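Take a look at the structure below.
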Amino acid sequence: TPEQQRYVDLFIVVDHGMFMKYNGNSDKIRRRIHQMVNIMKEAYSTMYIDILLTGVEIWSNKDLINVQPAAPQTLDSFGEWRKTDLLNRKSHDNAQLLTSTDFNGPTIGLAYVGSMCDPKRSTGVIQDHSEQDLMVAITMAHELGHNLGISHDTGSCSCGGYSCIMSPVLSHEPSKYFSDCSYIQCWDFIMKENPQCILNKR
């Protein structure tokens, strides 16, 4: 129903390594981000959540935090930076870091769970792990899902015969669908915690 619509004002930060990976072409990076956000919008529309890109910051000179292969440390640093720096400059609900750094092990993204609207913890870090916009967009949708209180799908969760967004492992052919479990968990979190920042559009 429309009255339960929520709005996530999303801010995306691009680290210096990713800037260099795209040969310093900010326009190309921005185009990629817009494609990714459109995919995320589509994915979240069935959840009655609108994803609105409120800003992009590209670290074209140098990284403003220590980005490292240990994803938990990078997430911690990014959260602190968001809380003390970015939030003072730009109004937004959630921030995601895109990095060219190859995180340790099979990790391609990491985020806090059930943390939407928290100054430090409404954040995630995403490895730019594929040439395909879809693959990285689904990874970001997945990490944002954790911020919205959604945990990984178990065997009984389904999204109509596809590989769902909150699957513990990214499929080679991911879908833009959340499972029935994800919908229930997301709205349980929203109804119980009532994160204020996503009630309005900026």
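The first residue you see is number 1, and the count goes up from there.
Using the three backbone atoms N, Cα and C, a Cβ is placed for every residue, glycine included.
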Q) Between Cys159, Cys181, which residue forms the disulfide that Swiss-Prot gives for Cys157? A) Cys181
Q) Of the listed cysteines Cys164, Cys186, which one does Swiss-Prot record as disulfide-linked to Cys159? A) Cys164
Q: Around the recorded Zn(2+) site, report the further residues of that chain (criterion: Cβ within 8 Å of the mean position of the Cβ atoms of His142, His146, His152; site residues excluded), sequence-ordered.
A: Ala111, Val113, Glu143, Gly145, Ile150, Ser151, Ile165, Met166, Pro168
**Q.** Surrounding CB atoms that lie within 10 Å of the CB of Cys159 (disulfide bond), all protein chains
**A.** 21
(Q) Neighbour count first, Cβ atoms within 10 Å, every protein chain included; then name which of Cys157, Cys164, Cys181 tops the list of disulfide-bonded residues. (A) Cys164
Q: Quick one: of the recorded positions Glu143, His152, Cys157, which has its CA closest to the CA of Cys197 (Ca(2+) binding site)?
A: Glu143
Q: By CA-CA distance, flag whichever of Asp9, Cys157, Cys164, Cys181, Asn200 among the recorded positions is nearest to His142 (Zn(2+) binding site).
A: Cys164
